[in-house]
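First up is the structure itself, then whatever we jot down about it.
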């Protein structure tokens, strides 16, 4: 992995910092608290989303709502861009992530980004990657400290060997837990032996009871056969008795039914005698001549009424014919006046229709005349108000303007001047703040120098002369800073006064003066356009106004009063003629009515000759005899129904008497069978008693067998369950032995020792390779399994404490690079955080030389990023970057 670029937006103290890296050595310098380590934090955040603060949102710069980190790097022949962001929310912060590969987006969520990095970029565990790439502050010093135990602990942590030793202790807990699970194995085996003895005893009892059950089941079978025979005999006798009893009951029922029918016949004869008088009266009426001719007599009275109606109709028709002829004559006399009236009326209707069509235009014409006059007056009012407002604005601003556009331009110019002044003031305040911060830092460093001769930044011993020179330098810087601050504050005060004047004018205009002036301008233009439109509209309808006045004059000059009455008389005459309709049809109707009158008179004469006393046979008389017949008809129908019922009942009595003969013989046979049925029932009950006793005995034995078999099943289940537990525990017992052997492998002399030996050999070889390029005063070096470092001078082994400061630094650096390459064979990036911490000047200079002559060669490690507050290292850098704190924010620039 080679990092090309990283950008920090609102990340910790960085507002917007972009850092470009290259292969070789990249050194980032700056004072403590300047924001150097934030760049390493940003790299870890980009790769893993790691945070160094308690809450992830605390990494957002104070006053900002969100942060963003974007890192571009190369890996495996591809170019990657990782972008992560955090946004403050009311409850939980919102995190987002995105990965692009060669310009194409691959993931759009935090989870997808983390999964992709783990599987395709890091490939190893996160801890291994971090331990190989990142060297924490103080590690270089720990690797060369005089305490072997401390050095061993540090390398164990980097190589994660302590996790293997933790596994040794964990496996002890696993073994103890497994041992607890098999503590009752012997008890389970003894319990199974005791249950097997009980099982054999219960099985013998079941066999004996089964033999007794077989014997009693044979007895039960014989008794069931006897019961079946007795039951068959009893059922046959009972069945015949039931049939005989049913036959007797049926015969008695038939005899009773015949008696009831004979009683009903006697009742019918009585009813027929009661209605004989009604029958005789019915026959008398229906056989008379008047009843037979009742419809003709009723028609006679109808004809008498129609004769009167026909005579009235003939008189009415004669009157209509005379009216028709009179009105035809009157209409002919008024025809000429009628035609003249219609001609004049049509012309008036035409004029009225045209006036209706033109009335809208006439109204619009009059309305436009009035509106044009009103709008001209309003336009003059707006012109006067705008002039008064313009004079007021000019006096306030102290400058004239010709129109609204010029006024807006003046307002925008004032706002731009205010923005420029604000920018100038902000820049001045930033400069003043930076100078005051620098002043405070100088005073703090001067206070730290009082009574001490050590560098307040790195703790280097300066001596008396060095301390004096630094104090003099600090005093000169303070005087220069105070003069510069005074000058900047005077400049800010003058600019601020100009700002107040501009804000006063801007505030005056912002209260709506521009909008009011523009409104008058717009209103006058709108009115001018409206007046023009109205005048154009007026010219287009002027000819319609002229035509309207001409037609109105013509309409008012026309008079129809003299002709209107004659026109009305003609219409009335024609209405009478129209109501009468076809005169020829009316005359034909007269002939038809005359014929109907003659036919009716002929029919009445015929009836009167046949019935001389016809006046006695009025319609009410005919209705009366018809009503009497209708009243008698139900009695006649009842007599007929009763006669039919009587004949039917006589036939039924005859049939029932025939079917109920022979009852005595059947009763005798029934008595004989009753005795036989009683004997069969006694035998059947005896056999059933014996069967019940046998079944009771069998039920008890079978219940006992089921109980015994249930005990057998329970015992077999217990034995089976224990066998499974015993088998499982034996497997656990075997597993315990296997785990014990595995635990031994994780012990001090097992896998950790093998790893330490492997690491020891690798570190020794790699350290020799790196140190061979240095001109050091010893022959060889070795790192043993406990990570003790031994050097050889002339073949004589010596401890690391025998080395000089520079030699220790070279050894520590070589071991750290070797450890990184052991963890990551493809190591292309190494990040060192404050490697000079706790190093004296000699060892810092040695480290600078090592970096220049070793790491600048990109064949060892292609890219190295170093964070330090010691500028001495810049001489060995391919890329030099400086971080400063200005106005509370970190600023990144190229180092001088």
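The backbone N, Cα and C atoms fix where each Cβ goes, and this holds for glycine too.
Feature annotations, courtesy of Swiss-Prot:
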BINDING   32, 33, 34, 35, 36, 37, 38, 137  ATP binding site
BINDING   455, 458  Zn(2+) binding site
COILED    200-274  coiled coil
COILED    412-505  coiled coil
COILED    580-611  coiled coil
COILED    636-669  coiled coil
COILED    702-731  coiled coil
DOMAIN    411-507  domain 'Zinc-hook'
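Within 10 Å of its Cβ, the residue among the binding-site residues 32, 37, 38 with the fewest other Cβ atoms is 32. Around residue 33 (ATP binding site), taking its Cβ as the centre, 13 other Cβ atoms fall within 10 Å, counting all chains. Shown for the domain 'Zinc-hook' (411-507): DSSP residue counts in helix, strand and coil, namely 84 helix, 2 strand, 11 coil.
Note on the coiled coil (702-731): residues 181-182, 185, 188-189, 191-192, 195-196, 198-199, 202-203, 205-206, 209-210, 213 of its chain, located 6 or more positions outside it, place their CB under 8 angstroms from a CB of the stretch.
Taking Cβ pairs closer than 8 Å, the coiled coil (636-669) reaches residues 244, 247-248, 251-252, 254-255, 257-258, 261-262, 264-265, 268-269, 271-272, 275, 278-279, 282 in its own chain, all 6 or more past its ends. Annotation for residue 36 (ATP binding site): spatial neighbours 28, 29, 30, 867, 868, 869, 883, criterion Cβ-Cβ under 8 Å with sequence separation of six or more. Its own atom aside, the Cβ of residue 35 (ATP binding site) has 23 Cβ atoms within 10 angstroms in the protein chains shown. Long-range Cβ proximity for residue 34 (ATP binding site), meaning a same-chain Cβ under 8 A and a gap of 6 or more residues, is found for 883, 884, 885, 890. According to its DSSP assignment, residue 34 (ATP binding site) is coil. In the predicted structure, the coiled coil (636-669) carries a mean pLDDT of 82.
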